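*Asks:* Sharing the features that Swiss-Prot gives for it:
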| type | residues | note |
| --- | --- | --- |
| DISULFID | 42-63 | disulfide bond |
| DISULFID | 59-100 | disulfide bond |
| DISULFID | 76-105 | disulfide bond |
| DISULFID | 95-114 | disulfide bond |
| CARBOHYD | 49 | N-linked glycosylation site |
| CARBOHYD | 94 | N-linked glycosylation site |
| SIGNAL | 1-21 | signal peptide |
């Protein structure tokens, strides 16, 4: 349970960094509002690359009975939340990259080294 809480907190911190640092709007709907993963309900889980950039590991999830989806075309790792849960902390993994389409992370033929991090590791990096 504590591990899930730590992963959720990490996801929120990284998503905030990604959303606030984005130069473009992440939402293509007609409302004109920016899509912010951390304010729309439940945070999406992320894995980090070598530079500490967090990328979602799934393009949709259940949030208190409602299905939430990452916007079309956003980058993702195809490992899913279960894959992230099986990863060992701070060990490098070869993760397949993709783009979100209809709530599914569709592989794009590329891969990247990714890591599962902890809240403590994130705080050290931010200090």
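Placement of Cβ uses the backbone N, Cα and C atoms for every residue, glycine included.
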*Asks:* Filter the recorded positions 42, 49, 63, 94, 95, 114 down to the ones within 10 angstroms of residue 105 (disulfide bond), Cα to Cα, kept in sequence order.
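*Replies:* Those near residue 105 (disulfide bond) - Cα within 10 Å - do not exist; the answer is none.
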*Asks:* Using DSSP and collapsing to three states, where does residue 42 (disulfide bond) fall: helix, strand or coil?
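*Replies:* It is coil.
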*Asks:* Which of these disulfide-bonded residues has the least crowded Cβ, counting other Cβ atoms within 10 Å: 59, 63, 114?
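*Replies:* Least crowded of the disulfide-bonded residues 59, 63, 114, by Cβ count within 10 Å, is 63.
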*Asks:* Please identify, among the recorded positions 42, 49, 94, 95, 114, the one with the smallest Cα-Cα distance to residue 59 (disulfide bond).
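*Replies:* Nearest listed residue in space: 42.
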*Asks:* Report the nearest neighbour of residue 49 (N-linked glycosylation site) in space among the disulfide-bonded residues 42, 76, 100, comparing Cα positions.
*Replies:* 76
*Asks:* Within its own chain, what residues at least 6 apart in sequence put their Cβ under 8 Å from the Cβ of residue 42 (disulfide bond), listed in sequence order?
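*Replies:* Expected: 61, 63, 64, 68.
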